[in-house]
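Have a look at the structure below, then the notes.
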Amino acid sequence: MNKLRSSAITQGVQRSPNRSMLRAVGFSDDDFTKPIIGVANGYSTITPCNMGLNKLALKAEDSIRKSGGMPQMFGTITVSDGISMGTEGMKYSLVSREVIADSIETACNAQSMDGVLAIGGCDKNMPGAMIAIARMNIPSIFIYGGTIKPGKLNGEDLTVVSAFEAVGQLTSGKINEKRLNEVEKNCIPGAGSCGGMFTANTMSAVIEVLGLSLPHSSTMAAEDYEKVVSAEKSAEILVDAIKKDIRPLDLMTKESFENAISVIMAIGGSTNAVLHILAIANTAGIEINIDDFERIRQKVPVICDLKPSGRYVTVDLHNAGGIPQVMKILLNAGLINGDCKNIEGKTISEYLLNIPDNPPENQNVIRNINNPLYKKGHLAILKGNLASEGCVAKISGVKNPVLKGPARIFESEEDCLKSILNNDIKAGNVVVIRNEGPVGGPGMREMLAPTSAIVGQGLGEKVALITDGRFSGGTYGLVVGHIAPEAAVGGNIALIREGDLITVDAVNQLIEVELSDGELEKRRINWIKPIPKYKKGVLSKYSRIVSTSSLGAVTDLEK
């Protein structure tokens, strides 16, 4: 084992005052030569995603001690996307990714920790932790709090998206308030992150593929005992990684990020994975750009039938073999690199050796590579005169991913949702929500409320929605987000007007408005940059330093 970083605070007579502080929190003479390991605990009762984390943190803390390390637990924040969705509070969601990253980096570096075990649940916990882990490059492991089990109503599996869609169903007269109330009361049965292949489960899968969490751990249910066992094992592995000096940047390679992109295509993962992978790769110094997603999409099919557009939830994926089973299928097809390593020091080929070549026959969640749900990945990167830097279209569950129609312009999510619920949006419309980007929002809110209302009204196949904001992992339909440049910095989305004809063509990776370059420039002369919405506080600070979404909406971009 190399010299411990923590020796800066534990060794030598000049560090006697430092040691005195450590003695007060439980250190004894023999402990000052052990690795000090941070336990970044995202426990919170704000959200069901994080309310089960403390038992995992305590088990990991105990396991670190038994394995020869000294744990130091500290808290980090979470917000609940599901609770803040559709409100002003959602502007803080993506901001929380940066706060989580900054807080973990700050605590670990201030205290000269030798490693970190991060525990999280809700969407931004995972990329926030990974950004910090990449910045610090000290031995690290991530423990996912686990997925929620599906809610049940009359034999039907429910998720939180069921409740959002029920709102649209109510306003269009498809259900009554009694049914809405039943869905509300039954869709979230306990602890865990939202149960479909939404953002949290997508990002936990990304971390597993990158090798910074244990195989199978990303799809475990929060309330199952195997999750506690996995937390204990993760702590043991981390202590061993410190001894072997296995560091995150040894694992975060271009090939491992490409593997992660391949897997999110195969499982039908969230659009937010594009934003977060770009951000993590940027921090790690790996050259991954938005075009890599389109390149990989062209060759990797969707082989998992998972919600929001499919039939099954993440616990079903786990029971069918989880991410290792998906990876084995992709490995055999030559679609991922088997030489990438994980935190245990094993290559993908090594740790998948005993995984069956084919998925179990008694399930329909994972398909063979020659019988995919979709022949190409579901996250298409579109470009055109509305998005010169690119944007992300999610086309799973859409029979015809091409629509040309008149623009319906909204300057905020609230205005758009109001119009949808008033039944003002008609088949063939292209709904435009702008000034919701990283700078303009600020914070790049997720548009789950309007997209779910559109689906709930039966317009999911008949209306396109485009935005410089984001979408929830629970969104499906013909939706296009992350349009860059965004409206607030003068992107062309700021120049379109009500009724302009817009083409969204995910087949040919095109998004454009039928206006000449001359007309766009004429309109630009009259465009006025929006006045910042916030003068003080975290949103004001964020809007001044955040990058474009095509670079991951990061706040520490090298100048």
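Positions of Cβ are set from backbone N, Cα and C atoms, glycine also.
Summarising the annotation, Swiss-Prot assigns active site, proton acceptor to SER472 and lists sequence analysis as the type of evidence. The [2Fe-2S] cluster binding site feature in Swiss-Prot is assigned to CYS49, CYS122, CYS194; the stated evidence is sequence analysis. The feature Mg(2+) binding site is assigned by Swiss-Prot to ASP81, ASP123, LYS124, GLU446. Here Swiss-Prot flags LYS124 as N6-carboxylysine.
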Within 10 angstroms of the residue listed as 'active site, proton acceptor', Cα basis - binding-site residues out of CYS122, CYS194, GLU446: GLU446
Listed binding-site residues ASP123, LYS124, GLU446, filtered to Cα within 10 Å of CYS194 ([2Fe-2S] cluster binding site): ASP123
ASP123 (Mg(2+) binding site), number of other Cβ atoms within 10 Å: 33
DSSP-derived class (H/G/I helix, E/B strand, else coil) of ASP81 (Mg(2+) binding site): helix
Cα-to-Cα gap, GLU446 (Mg(2+) binding site) vs CYS122 ([2Fe-2S] cluster binding site), nearest whole Å: 14
Between CYS49 ([2Fe-2S] cluster binding site) and LYS124 (Mg(2+) binding site): CA-CA distance (Å): 11
Euclidean distance between Cα atoms of ASP81 (Mg(2+) binding site) and CYS122 ([2Fe-2S] cluster binding site), Å: 8
Residues satisfying Cβ distance under 8 Å from ASP81 (Mg(2+) binding site), sequence separation of at least 6: MET90, SER93, CYS122, ASP123, LYS124, THR199, GLU446, SER472
